[in-house]
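Input: a single structure, listed below in structure tokens.
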Amino acid sequence: MSKENIVSIQSQVFDGFCGNNIASFVLRRRGHIPKILNTVHYYSKYKHIGDETKHEELSKILSEFIKDNVSSLDCNNIYFLTGYINTKECVEVVVKNIIALKKEKEKKYINLNSAGVTGASTAETVAKMTAKMTAKMTAKMAAKMTAKMAATTTAATTAATKEKDEKCQTKEDDYLIEDLIEVNCFWLCDPVMADYGKLYVHKDVVDVYKKYASFADIITPNQNELELLCDTKINNENDTIKGLTLLLNSGVKLVIVTSVQYNFDMDHLYLYVGFLSKKKELTYFKYKIYRYDYCVSGSGDLFSSLLLSFIIRGGGNILHIISKVLNILHVRKKGDMSIYTCIHAYILTCIHAYILTCIHAYILTFIHAYILTFIHSYILTFLHSYILTFIHSYIHTFLHSYILTFIHSYIHTFLHSYIHTYNGGISIRICVPVHLSNRCPPF
């Protein structure tokens, strides 16, 4: 049997993407193999026409699932994701079966720990022997390490940096999901009851959720559902924090209020996170999300299924997990937009395309014409004029002055001295070019 068991208990619709329609797609797309249990089978979210699963049928399926997994609870991870459940009896059946399975899982965990304690008592002698053997080796190594640390002057700075890193690390470690819930078996409860001020379950369902909400490991109500669970009206952030505190004090380990809208800020929604940190302190965070002015069904179901998947597969910092989920959700829906929005989008697209085309054309033309012309004309002219002038002037001057001077001086000296001496006193004078201020004497 698979080591991962995800049980998604939600609605199923013929038309639309909500409940198990979206949850099964997301979970399978991310590599899970969920077990799908439909509470209803409606035509759509807005038209509740279709079949409703009776609580007796839910009880049969869930009790059989528990029987099959009780014997392998020690090696299998089990996760429950619950959404829309329309009747009081169905909610009670689902919650009681989840609680029963979690209790069995806890018993298995306690038995394994107790077996580990007895095994540890037999291993104490082995541990003592190995400790003695390693003590001598570690003592020598420790002495060498302490000597090196005492000799180096950078020990203080490295200790300071390590302390800073540890402080930063402890801040991150305070929010690990592994420290907030039991990641091998938990219940993520989305108490789907109301939205936009409208209740779409039986009234007695609210009382059942109030009774059993404390057994959930993670609960993800929206603003209306938080008001129903806490019997309070949310008008400001203090009211939201009070609702979070009430659920956390009741026993819920992680509370995520998925969407809260205030009258003073109609352009944004706020998501709130509350949990008991590793230091046993009530901790709250909020996210500010841009609000689009249209209704999307199934966004809460998408959020809960993504949250479940990221917790199971990745784990880590719960704030980072929620950020990943929100980044996926925060996209604009295609269609269902007003004519004004379409015109606005079309005009902006045209302006954007025209401006980019102009920029592309003119800048490239400038680069090609002016810059390349500059490179061709000025740089090549520089190369042709200055470098060739340098070659012509300096090299020619060198040839004319130094080489001709060499010929004039040394050869003339040779002729004057050696030939004059050779002819035995007969003076031979050769006419050579001289400056115009002098005259060439005859032979």
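We count from 1, first residue shown onward.
Just so it is clear, glycine is given a Cβ too, placed from its N, Cα and C backbone atoms.
On a predicted model such as this, the values are computed, not experimentally measured, just so you know.
Summarising the annotation, TrEMBL assigns domain 'Pyridoxamine kinase/Phosphomethylpyrimidine kinase' to 183-314. As annotated by TrEMBL, transmembrane segment applies to 302-322, 343-363, 369-391.
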Checking distant contacts: for the transmembrane segment (369-391), what same-chain residues at least six beyond its ends satisfy Cβ-Cβ under 8 A?
none
Taking all residues of the domain 'Pyridoxamine kinase/Phosphomethylpyrimidine kinase' (183-314) together, what is their mean pLDDT?
94
Going by DSSP assignments with H, G and I as helix and E and B as strand, what are the residue counts for the domain 'Pyridoxamine kinase/Phosphomethylpyrimidine kinase' (183-314)?
50 helix, 41 strand, 41 coil
